[in-house]
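Here's the structure we're looking at; comments come further down.
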């Protein structure tokens, strides 16, 4: 009989006080939805951010000693030391004179490798990787070339004419250079590669470990990190983590206050019901159990709806920002459920204390 009364009261509260129940349900759904979205994104956030940073180019630069080129096997050795996931590209530099008499820096490199390493470069048209007489002109360097389609250059009395494939724009030193295939560059100038730009995937810790390993394996080279990129990546990842933690905490507190207000108002509205149950022999534990059960039902319903909404939001955020879909993760469901149950239980504590102070006789007399 008591069991039927408890569930009858619960059904009456949820059905006949729809406005307050809906308000609490919306709050719990928001909590579960935000937590689901953030936890789903957090599960592979590091991998997605590191993948995005890989498009920003090298994070380590290795340089040969002054006035001497790299060893012929330097690129292969660096690639082996850095690991199979790393990207390494050689560069050779010389100062040549254009047909307008302007000295410019000309760089020899592997266009196919640079395209993978520096995918952030704005390039009109990447030249054919097999072509040997092509050139990419930096945005500023192109202004000092008489004919962009037939780029005439002279180095130490040796002239060469290259087919201009297009312009590049980076906003950096690359805009003032002319790039050409490394084999043709070395044959023309006699200058070998002196710089290797390396991209090591992972966070700051992995990059620092790679630097230490490279410094030990290649003591003759200068191994330097691209500080702005490495430190920037680390700061962005850390701040993103902190932002997600803060967002979950703020939402949880806001929802707890909202549910607390709703449940407190529910207790005040139903004082006579609770007083009648006490007068008919209902124990304090039964009253509190019924009230907590109401809060938990709302929490569970909020989790059921919030998990679906949050998973959809995580998919949309991931697709919009990282261009990769994030699938629903059932593994986050226990954490979301725990969060909502804790919020509901904490929000029910104050109203439960009010229940303990109810005086059936006074309330039933209308005092």
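Glycine residues also receive a Cβ, built from the backbone N, Cα and C atoms like all the rest.
According to TrEMBL, the protein carries these features:
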type	residues	note
DOMAIN	247-360	domain 'ABC3 transporter permease C-terminal'
TRANSMEM	21-43	transmembrane segment
TRANSMEM	243-268	transmembrane segment
TRANSMEM	289-315	transmembrane segment
TRANSMEM	335-355	transmembrane segment
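Away from its own ends, the transmembrane segment (21-43) comes close to residues 13-15, 241, 244, 247-248, 251-252, 255, 258-259, 262-263, 295, 298-299, 301-303, 305-307, 309-311, 313-314, 317-318, 326, 328-329, 331-333, 335-336, 339-340, 343-344 of its chain (Cβ-Cβ under 8 Å, at least six residues beyond either end).
Across the residues of the domain 'ABC3 transporter permease C-terminal' (247-360), the predicted structure has a mean pLDDT of 74.
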